[in-house]
Amino acid sequence: MVKRQKVENVQEKMVGVDPNSKSKEEKMKKIFDKFDSNKDEHLGMTELLGWIMAVEPTLNNDFQRVPSFLSIYLDAYRSFLVVSKGLSYTGFTRIYIDCLRNIDHDFNTLNIGSLEIQPINTPIHQVASLKAGPAVGRGSAEAKALQIASQQLSNRAILHIQQIQQRLLQQQTQQQLASSMATNYSNSILSNNNRSNNSHSAGLVNNYRNTMQQLSGGISSAGQVYNYGNTMQQVGGRIGSTAQVNSYRNTGQQVGGGISSAAQVNNYGNTMPQVNAVEGVKSKEKYNGPHPELAARLEKEILDTIPGVKWDDVAGLSEAKRILQEAVVLPLLIPEYFQGIRRPWRGVLMFGPPGTGKTLLAKAVATECGTTFLNISCSSLCAKWYGESERLTRCLFELARTHAPSTIFIDEIDSLCSARGSATEHEASRRVKSELLVQIDGLNNNSNNTPGKSVTLLAATNFPGNLDEALRRRLEKRIYIPLPDFKSRKELIKINLKSVMLAPGMDIDQVARKTEGYSGDDLTNICRDASLNGMRRKIAGKTTDEIKNISKSEILKIPVTMDDFLEALDKIHPTVSPEDIERHEKWYSEFGSS
Ligand SMILES: Nc1ncnc2c1ncn2[C@@H]1O[C@H](COP(=O)(O)OP(=O)(O)OP(=O)(O)O)[C@@H](O)[C@H]1O
């Protein structure tokens, strides 16, 4: 859902909040009210983020999506204060100050390393120096300072989460990867040997083996283990199975219009290690473009080299996957072919109702292709200072070229690129739009592109009709991501339930039949809710101590039943309206391109 709608929903609910309610808005209000009543109370950043994760089930434990919710809640709360307390920012101000203070504290606790401390007299300090008391009368200066502080907080929150995530991932993978690398290594050698029996290409086998040997020879630090491990996984993922190599080879043959000689097949096969070589060096590339300080900021906020989502994690959407493969995967495998009139599609728009898997697909593209993933939200490009947004946009594309092959993903692109000349268009957004168009043109310019070092723009929107016409034209492929059909719903339910035990009599077909009109996100929520029911029954009526004494294995063994699903279905309703679907289908018939 688009943020501003969420803000309005939360805001609407909070104004008429029932004091006895246990709703998340009520809980949030209580937490924030503490700031008004108790000066010494402070809220740690981690605590705030953890709390948002706990009360926002749609986050699905996805740490990376927390920052957008953080700003939604804070915005909603700010609006609530304005409506109900007449611009009293007292508690609100403290939240920001405390959050900023606690970020540094959290960094130390988590041993992440500390952030640059804000120089004195930045807006946040100006806000801090304002004494508590009714803010009516000095609202606008304070509001402006808070707005800027809000942006700073948001940026820091994103950074904070990325660092926590990176660290957790590293800790987990250091041990796991060290052992799985050995297995991958020997499996790959084995399968290479098997392939060599078929005499496909002895050179190819050697190339693979050399890559493996180099990888295992050069490991010295934990970070390297992590990087190499992922490369190995990618190598393993891409070339691990003979079937996959064959399917790439077949695709190459089809695309190449009949590559038939052994030499040609070998050449094609050799592009795979080349792709891997590009992956291997991409993180070492140094940015040499303009405004390095802005690029460094962007790099921290948006670079995600391994989003960790595979094609198989995305249920259904086979047509969308096919187009994305053509746009991104094949040009990396056979770059020489995708030249001239066959140049890759540089801009792909995914549109459709909320929660249908657009972001998930973008992440799968980046993971499966091993391209650097630059995941940018419009707020990261909207700077307060004159001209900075355009500079950020330029830096974004330059950064993508530095880390090429890469994929830039712009979510909710309609909020940045609504139709030009409209009454609501802001001067700053008009300039960013123009810069974006220029940059996309640069991507399409063949002379700027080295084969295998392409930059692809993926964009997503729930409001394709609001897009600027010139941008629409540049996003050459416009793919409709619809609600899941019966088969996809079944697949999605199976993906969601793969780690839980199912009771005999659990009928996935029936659940899929009953969930027509539900989005992928809605279905995930149903699976989540249903799989928590067993635990709810088990702890019902028990004290905290009794709950602590229940054995973990006993809880883990509670199977999910059909009744759990029926109960969840009673509570959770589809979030996408038929009108919304009609709107998308109409736009698809007019402007879709697949
Ligand atoms: N096709 C799918 N396969 C697997 N999971 C899905 C699929 N579609 C949605 N989901 C689930 O829904 C969640 C939200 O999906 P995602 O963020 O990709 O939707 P979106 O289309 O980008 O939504 P929005 O338009 O609101 O940004 C995912 O994290 C995943 O759990």
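Cβ from N, Cα, C; glycine included.
What TrEMBL says about a protein is an automatic prediction, not a curated fact.
The domain 'EF-hand' annotation in TrEMBL covers 23-58. Look at TrEMBL and you will find G352, P353, P354, G355, T356, G357, K358, T359 tagged as ATP binding site.
Structural mapping of features recorded in TrEMBL.
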residue : record           : CB count, 10 Å
G352    : ATP binding site : 27
P353    : ATP binding site : 23
P354    : ATP binding site : 18
G355    : ATP binding site : 24
T356    : ATP binding site : 28
G357    : ATP binding site : 28
K358    : ATP binding site : 27
T359    : ATP binding site : 21
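The 6 Å Cβ screen around ligand 1 retains G355, G357, K358, T359 from the binding-site residues P353, G355, G357, K358, T359, ordered by sequence position. Residues G352, P353, P354, G355, T356, G357, K358, T359 make up the record's ATP site, and a Cβ search at 8 Å around their centroid adds M350, A460, N462, I481, S519, G520, D521 from the same chain.
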